[in-house]
Amino acid sequence: MNRTNRVGHYVKKCFYEGTQISRFNIIIAAVLGAPAHFLFYFVFKYVFHLPYESFALRMIATCFSLSVLLGLDLSEGLVRYFRVYWHVVIIFTLPFIFTVYLLKNDFHELWLYWEIFMIFVLITYVPNWLMFLFDLLVGVICGIAFFVLTTPDIRLNPDFDISLYSIVIFFTVVAGYVFSYSNKRGQIALEKNSALQALSGSIAHEMRNPLGQVRYNLEAIEQSLPAYRPGSLSIPINDDTLDKLYKNVAKSKVAVKRGSQVITMILDQVREKPIDKSGFAYASAAIVTQKAIDEYGFESRQEREKVLFSRDENFVFRVDETIYVFVLFNLIMNALHYLKSCPDARIYISLEKGVQWNRVKVKDTGPGIPSENLPRLFDAYFTSGRKGGTGLGLAYCKRVMESFKGDITCDSVEGEYTEFILTFPVISGDDIRSNREELIASNKALFEEKRILVVDDEPADRTVVREILADLDAIVEEAGNGREGLEKLSAHRFDFVIMNLEMPVMNGYEAVENIRNGKAGSENILVPIVAYSAGSYYIVRGKTKKAGMQGLISKPCVETELLRQLAAIFHDCQKHFLQDFTGKSLLIVDDSAFSRVALKTVLEKQGMLVDEAFDGMDACKRLESKLYDLVLMDMRMPLLDGVAATKRIRKSRGTNISSVPIIGLSGDSDEGSIEDAMQAGMNDYLVKPVDTKVLLMKISQLVR
């Protein structure tokens, strides 16, 4: 079975290596192939007076050659079919036709020369020996079959030395592939260098924004900190300053997260991975667009004031929030770059509802784009008057919008304005209801018979949450403020609490503090609590975490999004929030002291006993002398890397050593690295920087 898999993998690899479909190849195949086949009919028939010419075959070959132009603008789903069609065209227009004419013209000297020419062209278009032989043999065999079937009286009288000609053909193939291989090696080296330059330029370009956001927030934090007074034991910070600190810390954390995501997206783009649609969800265009503007790393307050957002015509769309935000980041970044020459210019972002299509418009009153550049604006690697890297670029924005089943277009008048229009299909009520039903069906088991308390002073908001939870067969109770919530909790044990923060009598923060201190009964001390608040997301986020809450959902929220977020938080809480890691022993193996210290700090807060090893050799020695519940293993280390160390551990004689759970850690997210980790014997794999929640969830699954 393994041998069969290897053979299949090799054949697949040969197919892709031998299918070099580039824009240049397609255009050359059409521009040279179509006129050549058409004109050669008249040249060979009326100039050279060869015995056989077929207008039908020439026209089919001409149409085939022209048809490959369709491959210039195909969707991702059709590309795989076009690869097969590409070989069909090559087989017909080269080995098939040339073999037919060679035989039909009784091995005419001219066609003997053309046969050698055909082999060189075929090598150029099919740079893999196996696929070359496949295409050549299929074409030749089909050509012979055509000749036999269409020739009533077969009489061939070759007047050349077949053995000598065969030697020429053989060395033509060998020499062609030697030169092709040599050129390919040089081309790969150049492409690798160019790819690395493009990759580094893209990452540097895109990281300017999150790094600028971090810098801006750190400066704001520095300004908010009170002056140092020697000898003073404590320096009071007022509520407004504290809110600013929470806000700036939260924005910095979001910027770091976005930075990590953009690196992953660029790497996926380089590897030509299709856009992952698993994160697509229904959301409010106004809320997500506002979030993008809030998260953008403006260089100054003046720059922020240039961006004006009108959210009057809000609508629901189905997107992946992260990649939609990055589309807006690209458009804002490009606009701000060109607005530097127009200090009075502005960027207007607006929403527009339609009958079939909804739109997000990003318009700037800057210098505009020359009309000759507009048709190429969304081509890969196209830039206009800009240096320093293209980042993900407008071509990526086009791919994203097509994955949303929409589009992006640009309208511009040089010297007046530039407007990008993001088009989204209208989401019908039936679509939303269907999605709601799917979410309820997939999450009913999670909430069924669970006792949930909704604490909110707004009856309308309580009703929305209650109706959703009722459909999930949860047992729902309500409270109008924090004090009522405490009374309910004191009377019953609850599985989950949804808590508004700003309420009369007792607010959410006070209520949570009392719950965690045991004033609502010992059985509810660890109850998962999610904040449901209309307050500033960036201020509230840090406060809720410090208060001991497990999640935050912002008001207002689309019903399906509320349901999705509640399910995600509740599922997350069930996975690892109640897990007790106290006393569990864990070994961190990493050659980076910073990484070891960062992970150790997080894990020791969970009550774990953590040891460190600086490479694979050190880890193996420690495992021989001490029993661990789990190992976190970096993949890339000197002396003995993570893969080799894991293999050695799995081969150990002691069962306690060989069976220890191992989680691999690496900055690589490609399938090859993950496959190497799993084949070595690792139980799981996480990409750095590691998300704390995900890490704890993985540990809880492996440590009992």
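Note that the numbers count up from 1, one per residue, in the order the chain is shown.
For all residues, glycine too, the Cβ spot is worked out from N, Cα and C.
Database features (TrEMBL):
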TRANSMEM  26-48  transmembrane segment
TRANSMEM  55-72  transmembrane segment
TRANSMEM  84-103  transmembrane segment
TRANSMEM  132-150  transmembrane segment
TRANSMEM  162-182  transmembrane segment
DOMAIN    202-428  domain 'Histidine kinase'
DOMAIN    451-570  domain 'Response regulatory'
DOMAIN    585-703  domain 'Response regulatory'
MOD_RES   ASP634  4-aspartylphosphate
What are the DSSP helix/strand/coil residue counts across the domain 'Response regulatory' (585-703)?
56 helix, 24 strand, 39 coil
Using a Cβ cut-off of under 8 Å, list the residues of the same chain at least 6 residues beyond the transmembrane segment (132-150) that approach it.
18, 87, 90-92, 94-100, 102-104, 119, 122-123, 126, 173, 177
DSSP says what for the domain 'Response regulatory' (451-570): how many helix, strand, coil residues?
58 helix, 23 strand, 39 coil
Cβ neighbour count (within 10 Å, all chains shown) around the residue listed as '4-aspartylphosphate':
25
Mean pLDDT across the domain 'Response regulatory' (585-703), rounded to an integer, is what?
88
